[in-house]
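K.L.:
Dropping the structure in here first, questions after.
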Amino acid sequence: MSSIVVVGTQWGDEGKGKITDFLAEQADVIARFSGGNNAGHTIQFGGETYKLHLVPSGIFYKDKLAVIGNGVVVDPVALLKELDGLNERGISTDNLRISNRAQVILPYHLAQDEYEERRRGDNKIGTTKKGIGPAYVDKAQRIGIRMADLLEKETFERRLKENIEYKNAYFKGMFNETCPTFDEIFDEYYAAGQRLKDYVTDTAKILDDANVADEKVLFEGAQGVMLDIDHGTYPFVTSSNPVAGNVTVGTGVGPTSVSKVIGVCKSYTSRVGDGPFPTELFDEDGHHIREVGREYGTTTGRPRRVGWFDSVVLRHSRRVSGITDLSINSIDVLTGLDTVKICTAYELDGEKITEYPANLDQLRRCKPIFEELPGWTEDITGCRSLDELPENARNYLERISELCGVHISIFSVGPDREQTNLLEQLW
């Protein structure tokens with residue numbers, strides 16, 4: 001099996017969906033391995049814009065399988081809404097497969113997410129309140145309900161009653177709140193499971209069959225390395241592992257199956273939610289990037305925080321995800337800026353450091369050390385090779401590659417599929 005993993009190298013929203021869609025044309029199977037509908041992928045082609053949250057980007061290719069792996073947490077009601085929306089626009093979803101071992105998000109997870117954020121007050125994480133974190137907590141506590149359980153009426157009924165009893169005690173003690181009732185959950189979610197029944201299967205077997213048949217598999221990451229619960233800006237992170245290594249756990253394939261890891265980044269940096277952000281901008285350059293780049297969350301609609309490109313972050317992501325190739329998106333967004341900056345290191349308590357601190361208080365004290373490069377004014381949205389880019393834009397990309405220690409295999413100069421340029425064959 002030849003396989004490629006696509007991961008975000010920043011705090012998510014790097015354009016992974018577009019790159020996955022671009023690479024999916026040559027793949028046989030496209031599989032998601034982590035996260036839930038807190039993720040948001042925007043894909044544009046043929047003059048149409050599609051916003052996905054749970055459905056893998058490969059859904060648009062009828063002859064390829066789009067897999068939701070066991071490491072994904074699935075809100076069945078939200079998933080059906082997404083599938084219905086695609087069907088209404090003439091997109092077939094018959095090629096979708098959902099792991100029977102994927103955990104199910106239920107209304108009490110959404111309630112718990114809301115209550116937890118309220119309890120934290122000024123120390124809130126800034127979650128999307130989609131129930132992702134509480135679902136992963138239940139998984140770790142071994143009380144989670146999986147897709148296989150949802151499909152069996154007696155199993156689902158028994159497990160749901162047990163969990164509601166537990167959640168009621170927990171909600172009362174922690175938040176002075178009550179859990180959604182059995183009657184408020186059971187019928188709707190069991191019916192949702194029955195509608196999804198034909199999609200649910202042992203997806204690890206599908207991927208193993210692809211391996212035996214020497215097919216091409218594309219693994220689609222969600223969020224980004226800096227949101228990884230182990231390697232990100234903890235505790236301002238997601239509740240799963242977006243790093244490439246989680247492909248093995250989140251889909252059931254062996255670690256020797258991975259051939260390449262494509263690290264996706266923007267030509268600048270953005271993040272949604274709270275937490276340290278060393279290169280964050282609050283000036284006119286930041287306003288330019290946010291408005292030209294349309295930096296508003298796909299899932300939440302919230303304005304994203306934006307900042308200059310941070311090579312400290314990228315080097316960290318390269319190391320913990322084993323990144324072999326770099327895909328740089330949204331280069332066109334920087335057009336028109338007199339000067340563009342790259343963070344090369346941090347200053348911490350008067351000392352220069354080049355590695356990302358694990359301690360949050362230290363990270364908050366870090367000041368970015370910038371290298372300034374001249375900007376460009378030329379329209380680059382039609383450029384199809386590095387040689388076609390203005391010299392200043394080309395120098396900017398080459399400097400990023402040099403600082404991060406990874407060569408560039410893909411660059412993008414606009415939101416459409418046709419504006420994504422491959423510099424070398426990856427399969």
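First residue shown is number 1, and so on along the chain.
Positions of Cβ are set from backbone N, Cα and C atoms, glycine also.
Features from Swiss-Prot:
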- Asp13: active site, proton acceptor (ACT_SITE)
- His41: active site, proton donor (ACT_SITE)
- 12-18, 40-42, Arg304, 330-332, 412-414: GTP binding site (BINDING)
- Asp13, Glu14, Gly15, Lys16, Asn38, Ala39, Gly40, His41, Thr128, Arg142, Gln223, Thr238, Arg302: IMP binding site (BINDING)
- Asp13, Gly40: Mg(2+) binding site (BINDING)
- Thr298, Thr299, Thr300, Gly301, Arg302, Pro303, Arg304: substrate binding site (BINDING)
K.L.:
Compared by Cα position, which of the recorded positions Gly40, His41, Thr300, Pro303 is the closest one to Val413 (GTP binding site)?
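P.N.:
Checked the recorded positions Gly40, His41, Thr300, Pro303; minimum Cα distance to Val413 (GTP binding site) goes to His41.
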K.L.:
Which one of these recorded positions has the most other Cβ atoms within 10 Å of its own Cβ: His41, Arg302, Arg304?
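P.N.:
Answer by Cβ density within 10 Å: His41.
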K.L.:
Can you check which residue among the binding-site residues Thr42, Thr128, Gln223, Thr300 has the largest number of Cβ atoms within 10 Å of its own?
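P.N.:
Comparing the binding-site residues Thr42, Thr128, Gln223, Thr300, the most crowded Cβ belongs to Gln223.
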K.L.:
Rounded to a whole angstrom, what is the C-alpha distance between Thr128 (IMP binding site) and Pro303 (substrate binding site)?
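P.N.:
Cα-Cα distance, Thr128 (IMP binding site) to Pro303 (substrate binding site): 13 Å.
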K.L.:
Using C-alpha atoms only, work out the spacing between Gly12 (GTP binding site) and Asn38 (IMP binding site) and round it to an integer in Å.
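P.N.:
If we compare the Cα positions of Gly12 (GTP binding site) and Asn38 (IMP binding site), the gap is 11 Å.
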K.L.:
So among Asp13, Thr300, Pro303, all listed as recorded positions, which is physically nearest to Thr42 (GTP binding site)? Use the C-alpha atoms.
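P.N.:
When the Cα distances are compared, Asp13 comes out closest.
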K.L.:
If you pair up every Cα among Asp13, Glu14, Gly15, Lys16, Asn38, Ala39, Gly40, His41, Thr128, Arg142, Gln223, Thr238, Arg302, the residues annotated as binding IMP, what's the maximum separation in angstrom, rounded to an integer?
P.N.:
34
K.L.:
Taking the Cα atoms as reference points, how far is His41 (active site, proton donor) from Pro303 (substrate binding site) in Å?
P.N.:
16
K.L.:
Here are the binding-site residues: Gly12, Gly15, Gly40, Gly301, Pro303. Which has the lowest count of other Cβ atoms within 10 Å?
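P.N.:
Sparsest of the binding-site residues Gly12, Gly15, Gly40, Gly301, Pro303 by Cβ contacts within 10 Å: Gly301.
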K.L.:
Which residues of the same chain, at least 6 positions away in sequence, have a Cβ lying under 8 Å from the Cβ of Ile331 (GTP binding site)?
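P.N.:
The answer is Ser267, Ile380, Leu389, Ala393, Tyr396, Leu397, Phe411, Ser412, Val413.
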K.L.:
What is the interatomic distance between the Cα atoms of Arg302 (IMP binding site) and Lys18 (GTP binding site), given in whole Å?
P.N.:
20
K.L.:
Counting across all protein chains present, how many other Cβ atoms fall within 10 Å of the Cβ of Val413 (GTP binding site)?
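P.N.:
Val413 (GTP binding site) is surrounded by 25 other Cβ atoms within 10 Å.
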K.L.:
List which of the recorded positions Asp13, Lys18, Thr300, Gly301, Pro303 have their Cα within 10 Å of the Cα of Gln223 (IMP binding site), in sequence order.
P.N.:
Asp13
